[in-house]
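To keep things clear, I will list the structure first and then write my remarks on it.
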């Protein structure tokens, strides 16, 4: 499997056994100025949802592109 990974945001081969791509988004102290933080990567299972964190998982190559920002 290949997934986009941060910080490079380039497709990379996932380690053996990690067949899920994920996009995790959350707000930090700069959220109102910069927007949500994003983390992209590979996992063996979809990460557990935590309060205030959005998670999207998928299982095809490069299915987790960096979220598109709305122009201001």
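Sequential numbering from 1, following the chain as shown.
Glycine too: its Cβ is placed from the backbone N, Cα and C atoms.
Annotated features, as they stand in Swiss-Prot:
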DISULFID  3-21  disulfide bond
DISULFID  14-42  disulfide bond
DISULFID  27-31  disulfide bond
DISULFID  46-57  disulfide bond
DISULFID  58-63  disulfide bond
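Here the features listed in Swiss-Prot are placed on the structure.
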residue: 3; record: disulfide bond; Cβ contacts under 8 Å, 6 or more apart: 11, 12, 14, 21, 22, 40, 41, 42, 61, 62, 63, 64
residue: 27; record: disulfide bond; Cβ contacts under 8 Å, 6 or more apart: 36, 37, 52
residue: 31; record: disulfide bond; Cβ contacts under 8 Å, 6 or more apart: 37
residue: 46; record: disulfide bond; Cβ contacts under 8 Å, 6 or more apart: 20, 22, 55, 57
residue: 58; record: disulfide bond; Cβ contacts under 8 Å, 6 or more apart: 20, 21, 22, 64
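It is 21 that, of the disulfide-bonded residues 14, 21, 42, 57, 63, has its Cβ surrounded by the most other Cβ atoms within 10 Å.
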